[in-house]
Amino acid sequence: MASSTGKSFLGRFGVHIAVLIFVAIWTIPTLGILVSSLRDKNQLAVTGWWTALVTSSQNDDGRLGTAADQVEKDGKFLIMGNLLKAGDNRTISAFGIKSQAPTEFAAGAVADLGDGVTLQVNDDGFYVQSSPVAFEGDRGRRIYFASSMPPRFTTDNYQTVLFSEGIGRSFINSLTVTIPATIIPILIAAFAAYALAWMRFPGRALLIATIIGLLVVPLQMSLIPLLKLYNGVGLFFGVPAKTYLGIWLAHTGFGLPFAIYLLRSYIAGLPREIMESARIDGASDFEIFIKIVLPLSFPVLASFAIFQFLWVWNDLLVAMVFLGSGSDQLVLTGKLNALLGSRGGNWEILTTSAFVTILVPLAVFFSLQRYFVRGLLAGSVKGG
Amino acid sequence: MTAQILSAVFTIIIGVGGCVVYFWTANRLLDVIFPSRGVSGAAAIDNLRRQGYIRPWLFVGPAMLILAVYLIYPVVATLILSVHDRTGQNFVGMANYSWAFGDREFLQAIFNNILWLAVVPAACTFLGLIIAVLTDKIWWGNIAKSLVFAPLAISFVGASVIWKFVYEYRGEGQAQIGILNAIVQYFGGNPQVWISTPFWNNFFLMVILIWIQTGFAMVILSSALRGIPDETIEAATIDGASGFQIFWKIMIPQIWGTIAVVWTTITILVLKVFDIVLTMTNGQWNSNTLANLMFDWMFRGGGDFGRGAAIAVIIMLAVVPIMIWNIRQANREGGGH
C-alpha cells in the first residue's frame, strides 16, 4: 500500500513533515527531562532546558561586607570581598546600588556613591568599597548585579538523587519486587497453559472461560479484600502484613490471566506430532513440558516476561497498597511520587529521579522491542 | 549498599527457588508414588492412568489457587463489602451506593471519567491510525514508530513528572522553564497554570495518557493495515480511487475489528486511570476520577472499606459489557484443542 498515495513531490514532502512533527511531540517531553537532569541546578531553576547550550544571564542581589571588615590603607577605609561564591562559575556584567537601576554601572567601572565613597565591582565578583571616613553600622550596603553563566553540564544531580535522596535504595527495592514478580508468574502460567492446551481433565473449558473473563477484571476490585486478608494474616501469625512475598504473589495473581491466555494460545499451536512421538517414547507430561514445550515456547515466554517486567516496574498502585513506605520497601515509582510531594519545586531532583526510573524500562524496551510487539499483537486484550 | 544487594539477591532466590522446587518435587513425587517404569505391564498402565488423572491438577493447581485468592475471592468479597459499613461488619444495604450518587465529589469523578472515556480512546486510535498510515510511506518510518512507541515503556508516574515539567508555570514576565508556557509566552500569550484550572485540567491530564497509549494503538493498527491484501488496494487504484477514498472505503472497513480491540483495550485502561491523577493533582481542582477516589476512600480517615468497595463495583460494572464481548469473541475463535 506504500505507493498508493502521496505520489507528488509535495505530497511526499508533506508526509515527512507530518511524521517529523509527531515524532517531535512524542520525544521532546522526555528529552526535556534528560537534558534538565544533566544541567546545573541553578541554571535549571531560572532558564528553560532548551536554552541549555546558551549562556544564561540572571539578576541577583547581595550585600557588601560590614564596617567590621574594613581596613585602613593610604588614609582610606576599604571594604573588600567577593560577591560570588567560590566555584560559582559566573561572570558579572553590570551592577547597581538601586533596585530600580540594578545594572547602572558596567563591571570594572568605579561608581561614585556620593560623599567621596566609591565602589568598584570586577567581572569576577571582586569588589572594593572605599571611603575617606570610617564606615559605620553593622549592615553592609545592598547591591544589585547582573551575572551570566556559561552553559554547564554536570552529573552532580545523579550523585545527589542516587546516594542522598534514596533513589539508589529504591532502585534495588524495585529490582527485588520486579525480578521474582516476573519469573514466578511465567513458571506458574507455563505449567497451567500446557495443561489447558494439551492435557485432558474435567472442567478445562470452564477454566479457560474464567481466565478470559478475569482478563479484564479491574485491579480495583481486588485491593480492599486483599488488604484485609493481608492484615488478617499478618495479625494472626504475628508477621508484618507488608512483605516482598506478599507483593510477588499479588503481582503474580494480577498477571496470571494474561500470562495463561498468551502462553496457552501459543503452546496450543505447537505441532501435535512432536508431542505424540515423545509420548510414544515413554516421556511423561512433565518431561515433555520441560524438554520440548519450554524451549519451543521461548519467544512467547520472552514476550510475556517483557510485559510483566514493564508492568511491575512501572506499577504504583499495587506497591502503595501491599508494600510499606519505609526506605527498605519503597519502590522507584512510590519514591518518585513521594518526591513530587516533598521536592515539588526541585526540578533538578525530580527530572533526574524520573530519568533514573524510566531508564531501565526504556533499555528493556529498545533492546527487546521485537518480542514486545509480538506479545502485543498476540494478546491485545490485556486487563491487568 | 552491598548488604542491601545481597539481601535482595537472597530474597529473589528464595522466591523463585520455592516455585521451581514445588513443580519439580510434586511431579517427582507423583512418579515415585505411581511408578510407570520398572513395574509389571498391567501395574504400569494402571499407574499411568492414575498419573493422568492427577498430573493436570499439579500443573494448573498453583494457577487456580492464586487466581482464586487474588481475583475470584476478592471480586465476591468486594461485592459483599460494598453493602457493609466502613469497618465491613454491619450490613447497610445500598447505603454506600446512594451515598455515592449524592456525593458531589463522586459525581465529579463520574463526570470526569466519562470525559476521559469520550476523549482518550478516540484520540489514541485516531492518532495511532494516522501515524501508522503515514510512517508506512517513508523510509525512516520504523525509527519514527519506535520513538512514538517508546512512551509505552514509561511508567505513569514517570510520564507525570515529564509532563508536569512541560506544564510548569512561572509568573508572568518571568522566564518560563516549562516548554508549554514558554511557547505561549513566545507567541504573546499569558502563561497559564495548566493543571489547576478546573475542567480544562482534565484535558491536560488526558494528554499524558494519550501520549503513552498512542504507540500501542499505532503498532496494532499498523500490523492490521499490513494485513490488507495488496490486490485489494491495487484494484481500487486501477478503478481510479483517490488516496482518501482508499483510506476510508477500503482500509478502514478491513481493519474495523482491530480498531474495536484497540478501542476497548484503551477504554478498560481509562476506567482504571489512577497514577496520573494521583501524581499530577491528587484529584484537586475538580480533576478526580473513580479509581483515584476509590484509592482515597481506602485510606481516608482510617479507611472506609464500604464506600471504597462500592466505587470499585461501579468501575467493575462499567467493564462487564467489555468482558462479555471478550469471552464471546474468544469462543468464536474456537477454544483450542
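Every residue, even glycine, has its Cβ placed from backbone N, Cα and C.
The following features are taken from TrEMBL:
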DOMAIN    B:110-326  domain 'ABC transmembrane type-1'
TRANSMEM  B:6-24  transmembrane segment
TRANSMEM  B:57-81  transmembrane segment
TRANSMEM  B:114-135  transmembrane segment
TRANSMEM  B:147-166  transmembrane segment
TRANSMEM  B:203-225  transmembrane segment
TRANSMEM  B:246-271  transmembrane segment
TRANSMEM  B:305-327  transmembrane segment
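Using a Cβ-Cβ cut-off under 8 Å and counting only residues 6 or more beyond its ends in the same chain, the transmembrane segment (B:203-225) has close neighbours at 115-116, 119-120, 123-125, 127-129, 131-133, 135-136, 145, 148-152, 154, 156, 159-160, 163, 167, 194-195, 251, 254-255, 258-259, 261-262, 265-266, 269-270, 273, 276-277, 280-281, 287. Counting Cβ pairs closer than 8 Å to the transmembrane segment (B:246-271), the top stretch among B:6-24, B:57-81, B:114-135, B:147-166, B:305-327 is B:114-135. Beyond its flanks by at least six residues, the transmembrane segment (B:305-327) meets 75, 78-79, 81-88, 92, 95-97, 99-100, 106, 264, 267-268, 271-272, 290-291, 293-295, 297-298 of its own chain at Cβ-Cβ distances under 8 Å.
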